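Features of the protein shown, as given by TrEMBL:
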DOMAIN    C:10-415  domain 'TRAP C4-dicarboxylate transport system permease DctM subunit'
TRANSMEM  C:6-35  transmembrane segment
TRANSMEM  C:55-75  transmembrane segment
TRANSMEM  C:95-120  transmembrane segment
TRANSMEM  C:171-192  transmembrane segment
TRANSMEM  C:213-235  transmembrane segment
TRANSMEM  C:241-259  transmembrane segment
TRANSMEM  C:271-293  transmembrane segment
TRANSMEM  C:313-344  transmembrane segment
TRANSMEM  C:356-384  transmembrane segment
TRANSMEM  C:396-420  transmembrane segment
Amino acid sequence: GNTPAAEGDNPALTLKIGSSQPEAQPNFYCGMKLLKERIEAQNLGLTIDMFPNSQLGPDAERFASVQTGDIDIDLQGGSAMSTAFPQIGVLDAAYAFNDVDHFFTWIDRNGKDFFTEFNTATDTTIVDAWYFGMRTFTATKPIRKPADLAGLKVRFPNTPQFLANAKALGADAVAIAVEELYLALQQGVAQGQENPVVATHAQKFDEILKVASLTDHQVGAHYVVVSDKTLDKMSRPQKDALFKAIHDIRAENRKCVDDETGKVLDGWRGDSARTVVEIDQVDRAAFISKAEAFFNTHFTGENLELYKSIRASA
Amino acid sequence: MTAEPVDSPDAPPRPPEPEPPWREPRILRAWAAAELGIACLAVATIFLSVLWQVISRYVPALNWQGVSELANYSLIVLTFIMVGYLIGNNGHIVIQIIDYAVKGRALTVVKVISAACTAVICALMVWEAWELILAYPDRRTAALEIPLWILYTLPLAGFLSGAVRAIVRIFLAGRPDGFFDAAEAR
Amino acid sequence: MILELWMVGVAIIVLLLLRVPVGLAFIGPCLWYALADGNSSGFALKTTFDGLNSFPLLAVPLFILVGVMANRLGVADRLYDFCLAVLGRIRGNLAYVNIGTAVGFSWMSGSALADVAGLGKIEVPHMVKAGYPYRFAAGLTASSSLISPVMPPSIPAVIYAATATVSTGALFAASIIPALLMAAGLCVYVFLWTARRPDVTSVPFDRTRLRSTAIATIGPAFVPVILLGGILSGTFTPTEAASVAVLLMVVLGLLYRTLTFRVMIQSLRETAVITGGIGLILGSAALLGLILTRAHVSRDVAELVTSVSTEPWIFMIMVNVVLLILGTVVDATAAILVLVPVLLPVAVGLGVDPVYFGVVMIMNLMIGLLTPPVGSVLFVTASVTGRPVEEVFHGIIPFLVPLVAVLVLVTALPGFVLWLPHLLGF
Ligand code: NA
Ligand code: NA
């Protein structure tokens, strides 16, 4: 909440920014925190109040609060926002994008129109996307081809798009609340999970799961989404500064994620108790064609059109 | 306490009871029976859904992604639908320290203020429920795709019931509180 | 309308003193504050609603149902008969039977009230008839019932684990030794007491009775075995274990032919009513918690605490003193929900293990159930035995000594708490 007090042209505003990521994650120290430093340094009357680590609630509920203006800015994955705008879930489809460059090229080319439609449906504005890392499997055994997933209970987040991804890849998905996941992995209720390398390491799932398979089956991205109720209170210079800072941070953040991912992976590679199935040891062509065949019948209407246009741009 | 709403039924030495405990009019009793019925159904749903989740892990054919959501929303339904019932039956967890300090007519005044505050808070929550119903016409739950506005009608009903029963309690403040025993709930 | 956070605190206390239900006393001032702070209308209800949307919390109604059914299906009575038969020859055996039954029942029940309400009706009159003073019998029954919410399954542990996002299984494992220490502490007190009271009679030992009652408790004995075994072997998660426990109760009820449609319905009703009361507190405390989080209260508390000392053991002493005092007046569920988001980050910052912190916090707040002015176990003991609250509390006072001694021991030696979870690999 804000009490707009006129201070020249720039009202004094405190913006609450939320995220699910803990402070040890690149999206905090190379994202949210950079944003705070840069915005506040400009003396535009803006203060950024940071709430990492799901302090303001789980993803879907935080996004609903962005819609009502109770949270000003949030870092959100696509699937949590897909209940308000289904097409954004399509961007989370497994192997919709071949790699992270494909993703950002698509965003830069089509993002403007796409995010305008999103804005009309949700009363929130996506300013840009920050990289979160490629989602890959960590499990009790290596996953090189779709058949390796058979009979392996893999935990996927409990949203329709993620569960569709499980089907598309041929995995036997188990739904387990994130609060119980560590224990469930430890006790063998699930034998694998999928997350970006940095997140897997931060949440200590790699303490239990010793085999990482770099399937890179989904571009993990966090959209920086701002409440329109907040934008309405801001002056033009404030908005420009905020948008510019978010765009500028994208590249730095990506480098940060890549560096941290490399660091974690090198640690795993150097550990004799672990196996890392490198990306060129994965039969990505088999995964991609399997996923494509699935989604071409799974999606319908506008979602299918969007999916096909993304694949066509690959 | 962690479990029972009979928080302090006999905390203060009770005064002799001059009047028999008041019985709610038939319409409120029927309303309460409906609320308790829905809540029991919710408990049964939680049990069966969570059990289903266990079983479906071993019988993949039974795998259904809506099951944990069904259980979660049942707990929400149960909590909100019982708000009015518990106010009407003196069954909410209440801290009765003041009963040691004030007696007789002063206690009646306290009970009037208490019931009035309860009614106001419930009424505010009815208003909030109505605002949420208007705010999210399209939002749906992730797995079962239940429109959220439908789910928000349950707190609306529960707090409305709570407001009505709190107003009734304003007029009953002079009578001794009936003893509420969860084991005998009906 | 400018509203400071401290005014919310004052308003909550005033409403609580006025006997407004705890959940609503949280909601009212928070709703007012949220609106004054410029949030959307609907903020308070949405946060309360979302606060209940948590899979681990589903264990709360399920473990309540287990405890309710264990009482109604006669499982508690079977445990009592068995303990009576086993402890036949010992002097003061009824007192040990009381503790033994509490330990047995604690493996099925997650709250103290199920224990007092069910067993108090049998045990206290039985002990009084055998020559024990009423105060001793009532005090012991009330005190031993605290083993239930500490021993797994434990409803406070489920709530703590969900709020602190620590593993429920680890908290369950960590609670076993403290719960057994509580039983041991009470036994020591009983031993010292009976040594000076040669007049209390013992029920004579009877071998055939031992065999028949042992057979009658085979079924209930499977409950903890299946629960812990299932959790440790990875067959199900602790939350899911709660539903399996209900299923076991249904099976036992069918075996003993005590499960009728009426018993089932009445068990569901009792569970619904109890869960409804706790649920409103769970949701409303999430609202209060979010408001405290948004105001960075935990950071301020951390600064305050670390300005006094950065030694973890000094912090733990402060926590114990504050919780014992708060426990006399505050509802335990509400205390866990409100204090965990504020105190846990401070504790973790000082290097205190969150699982150990949870066990200490739960033991503290459970002792508060015995003390006036607000103590539900105290009131229910008085209620089921039909004597004044004052008399029960007089009986409880001496038992506070062993209970607080065990609390001090557990606080001073985190190893007692953490040894088992580490051994089991949590
Ligand atoms: Na227990
Ligand atoms: Na107390």
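Cβ coordinates come from backbone N, Cα and C, glycine included.
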Before we move on, state whether the transmembrane segment (C:6-35) and the transmembrane segment (C:271-293) share at least 3 Cβ pairs under 8 Å, counting only pairs 6 or more apart in sequence.
yes
Stretch of maximal Cβ-Cβ contact with the transmembrane segment (C:95-120) [cut-off: under 8 Å; candidates C:171-192, C:213-235, C:241-259, C:271-293, C:396-420]:
C:171-192
Mean pLDDT, the domain 'TRAP C4-dicarboxylate transport system permease DctM subunit' (C:10-415)?
90
Any chance the transmembrane segment (C:241-259) and the transmembrane segment (C:55-75) are in contact, meaning at least three CB pairs closer than 8 A with a sequence separation of 6+?
yes
Given the transmembrane segment (C:55-75), which of the listed stretches C:171-192, C:213-235, C:313-344, C:396-420 has the most Cβ pairs that are under 8 Å apart from it?
C:213-235
With a cut-off of 8 Å between Cβ atoms, can you find at least three pairs linking the transmembrane segment (C:171-192) to the transmembrane segment (C:313-344)? Only pairs 6 or more residues apart in sequence count.
no
Cβ under 8 Å to the transmembrane segment (C:396-420), counting only same-chain residues 6 or more beyond its ends: which ones?
138-140, 142-143, 146, 173-174, 176-178, 181-182, 184-186, 188-189, 313, 316-317, 320, 324, 353, 355-356, 359-360, 363-364, 367, 370-371, 378
